[in-house]
């Protein structure tokens, strides 16, 4: 008999069992275990262990990785696994031992070698991902103390890093293997060491944390129940119990790894009042070899399944293991190691995902699934199939969801090539995995030859059809893949038939190698120029580095959750918060009417537009209540999403920018040829690992507010919060300890959260008379929804050029997608126009830029700030010119490059121009000429894979902020609204010291005392203060204040001279930035594309970067590599997809893919240009953060070079359009051939818009 909802609620009121587990060797007995709480939340909020980070809450980034150990009674051994704490339910950890990054070592006590090596190898920059990477490596070493590089790369498949470019992490951890780093003997210069490997502590496995003996005692299994606020968690101990429970609770969900149900409850707002956890039921963990195959219990994890199948492949005859090898091939690319360690076979099957990795294999193999009458499942794998292959095509090779998956199985009549039976299954072509039944029937009793191939391809084109508006989009590509994958299978089987070969050749993980070159400075006493480790690197590696959300919770702290618009363009008719206010713990709903200061109201103009916020006692309650808020809309039209929509509706912000030099019209008349072209460059999410976070603490006196914010712009945050609160800027203090990545995304967009949190704290203090701090750290999906990212650009160009490739005239029109506000879009567009020439001297040039107003969250700053978009379009027309002339692209580029003393289109003279030096060194470093010959030879020998090569320069303008405030014994802050914040070294204890100091400042600056405010004495503003004693405080601090104010007045004097009749506010407001110099670089990249699937491999990249006289070569090389990899994502991988209604589909690492460890070029060389000091910056250095990003365009144009060769095989020559990013879909569709012609789509609807 099943229970009703009311009866279930009564059950929830009963008392549950104690949850017993260990954390870092300490026993934890939780008497009120909450089933809805994850291990991550428990560690951070209940135990105060903040080293484990929240990056995505869906198991896709690895920031929350830790190690879970448990005793396996059947194997009589302890198993150590890396696990995503953000998905692991707390209740699943009964009798487990958890090890976090804090548990293996610390700066204060002793570091673990895993922590030390990543830090000293310069494998940590922002450090937010570092603890997760450390724990992935640590868990691997606990199971395998001397792993191979393949093992290490596989262990990191579930970890992401946005800063480093991955290379230093792998190189640092390579020292745990027996393999010595490869040395490039052909390099023109010896590689210098960025760290001394001999200093590393040895790994001693005997010194690791002891597994608690208490957990190794065999305890009789019994049913466990954990009762929560809304959910009952039951862990049965036998199959009989499970069947009875399932009958009692027919709607209960079965959870083993929580990799699906956890996502549904978190992101789909689903509630499952009863959860059954069958992970420890012996019958469901069975692995039994039989004459028919291998029986695998439904609770067996994918990692264990892989171990079993690998052992079987080694032991059994090859013809009996075809299916096993196919499953293993799919498992290699199935999610990350952390997910495979907990996800169960049965759960993967029963999820019935339309893009399942394994179900097509099981279906094609004819595997049997035994379902017991009341729910338990068993899987039986047969040794069926004479020839078997499995395929998975995804945007990113590692840890990515599939676009199309397939299993193909053919059995021939004895001693012949006549098909006896064939099964072809596909995922991604229907709501469920499907068999191509009609095609299979047509191929029976046919010979395996070209005639069969033609019949199969034609039949698949008909049978595997998709509606043009099919969910997921990419319809042409997906249909083409069904044919291309079969062709791959056809070739494989044909090859095996010819050789009677029954051994599957696996793709291997290529182990990347790297070379780093820089100029060594002889003077060892001067720290400038030496590769010194990041000062916080060790704290990053131990989890001791404090980020905004790591700040300990205040005793009476509240949590905030945003309420956002679900419409892209609409008027709000009403907001109903009645259901939300009934959620336990809810304190208030904050909306526009609660803003005491400045606020502009109007219609919502994007999905994700912040409408209000819920404040509650916990994050879970706040988020639950926020989802319960009901908003009634009146929709407005049009909804403008794309640049094309904006052009059609003439939806632009003003002003329109233009730039011109020379006589463009005459230049076109004097040219031998003129070509026209277009290019679209997609947007990009910053994907900083630490999402936006703010803690607002109302101080209560004079409207003071203290903010702890993860922001790049503390002053801007302060100014906007003050404006929203209606108080002077001197009443708001903003503190920033460190950020877990920013990349421009926290320059202006972080303020949309910090203002909301500040208003909530202020409102509660002012209206509710409760001074309670308010905290909010956005979940990844929320952050991606509301913040915007890099501007998508569309450019069309007209180029006039001579027969030899010399460009004579250029006319470019750029359109940027700004979103629903200007934000920084004008400056970004201007920088794109400044870089429309890249590194090429065009005598007659004209550029026009339009800022498109659309119904998307406002796009903002991102590393490069418009420069990469402008340069990308420049390289597009340069590529077209080379193709039209039939000349090598590198010759055409070199011919058109600037020279020393040339002038840019904005009349800036190019002094200390080093790009020619970078070019020559990069040609040598990459062995370009030999490499090109090898590429051409490879392409002559291969039809369906092609290699491409490209060399790309960059010229990036650098500007720096003039220093406005200096620190002395006193620090005086002058804000743009004219208010002054004064800080000094003395303390106020009733003697009136602060009052006197305000008087001194008032007299010196000549402004009223009302404009000056003192908040506190703090060592983070004035260090090394003397005690306030001996009656000298007024003298000492007063003189310090006087000197600081005099310094300010001297700096403001030019502003005063320009406007002597102006006021204080006028003089302060015109202190501005200046343009300074250029950074230069060149990169060579070689790639290999699969013409049948569109996949590509990054084989080689050489980079030469001019950073002047490097302040720290290790950090600069890290910036070069990290920027390059971020550009690699921009130009080849990352794609934001929106619906026509402005809804963002790609809202987390599950759908939005940034580069992973497997995307590093197999060979990566980085050289910092020597003997190129820069007299315009500190110690002759140059900026290095943004310039290297564009060099990843060399990979894009190498891909285009390879596509050009592939198209030539089909008789297609000349320029062709390839938009960015060069995804597998775009690459495959550009490689037109006989298979693409079978699939012809007439689009009338396109539901997923790439931006």
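Placed from the backbone N, Cα and C atoms, the Cβ positions cover glycine too.
As recorded in TrEMBL:
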ACT_SITE  1186  active site, proton acceptor
BINDING   56, 61, 64, 86  [2Fe-2S] cluster 1 binding site
BINDING   126, 129, 161, 163  [2Fe-2S] cluster 2 binding site
BINDING   254, 255, 256, 257, 258, 259, 260, 261, 334, 357, 392  FAD binding site
BINDING   712, 743, 863, 1030  Mo-molybdopterin binding site
BINDING   747, 831, 865, 961  substrate binding site
DOMAIN    17-104  domain '2Fe-2S ferredoxin-type'
DOMAIN    226-414  domain 'FAD-binding PCMH-type'
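Sequence-distant neighbours of residue 1186 (active site, proton acceptor) (same chain, 6+ residues apart, CB-CB distance under 8 A): 863, 864, 865, 867, 956, 1123. Spatially close to residue 743 (Mo-molybdopterin binding site) yet at least six residues away along the chain are 162, 686, 688, 862, 863, 1126, judged by Cβ distances under 8 angstroms. Annotated pair residue 129 ([2Fe-2S] cluster 2 binding site) and residue 61 ([2Fe-2S] cluster 1 binding site), C-alpha to C-alpha distance, rounded: 8 Å. Neighbours of residue 392 (FAD binding site), defined as other CB atoms within 10 A of its CB across all chains, total 26. For the domain 'FAD-binding PCMH-type' (226-414), the model's average pLDDT works out to 87. If you count neighbouring Cβ atoms within 10 Å for each of the binding-site residues 61, 126, the highest count belongs to 61. For residue 334 (FAD binding site), the same-chain residues lying six or more positions away in sequence with a CB closer than 8 A to its CB are 302, 340, 357, 358. If you check the binding-site residues 64, 86, 126, 161, 831 against residue 254 (FAD binding site), none has a Cα inside 10 Å of its Cα.
The Cα of residue 256 (FAD binding site) lies closest to that of 56, out of the binding-site residues 56, 126, 163, 747. Residues 124, 125, 127, 128, 130, 162, 164, 689, 740, 741, 1122 surround the recorded [2Fe-2S] cluster 2 site, their Cβ atoms falling within 8 Å of the Cβ centroid of 126, 129, 161, 163, which are themselves excluded.
Sitting within 8 Å of the Cβ centre of 56, 61, 64, 86, and not among those site residues for [2Fe-2S] cluster 1, are the Cβ atoms of 40, 53, 54, 55, 57, 58, 59, 60, 62, 63, 84, 85, 87, 132, 780, 1149. Sparsest Cβ environment among the binding-site residues 258, 712 (other Cβ atoms counted within 10 Å): 712. If you check the binding-site residues 61, 64, 260, 392, 747 against residue 161 ([2Fe-2S] cluster 2 binding site), the ones with a Cα inside 10 Å of its Cα are 61. Comment: FAD site residues 254, 255, 256, 257, 258, 259, 260, 261, 334, 357, 392; largest CA to CA distance 27 Å, whole number.
Distance from the CA of residue 712 (Mo-molybdopterin binding site) to the CA of residue 831 (substrate binding site) is 20 Å. For the pair formed by residue 260 (FAD binding site) and residue 56 ([2Fe-2S] cluster 1 binding site), distance between Cα atoms is given as 15 Å, rounded to the nearest Å.
Around the Cβ of residue 56 ([2Fe-2S] cluster 1 binding site), a 10 Å sphere holds 27 further Cβ atoms from the protein chains shown. Of the candidate binding-site residues, 61, 64, 86, 712, 747, the one lying closest to residue 258 (FAD binding site) when CA atoms are compared is 86. Here the CA atom of residue 61 ([2Fe-2S] cluster 1 binding site) lies 15 Å from the CA atom of residue 126 ([2Fe-2S] cluster 2 binding site). When Cα-Cα distances from residue 86 ([2Fe-2S] cluster 1 binding site) are compared across the binding-site residues 163, 392, 712, 747, the shortest belongs to 163.
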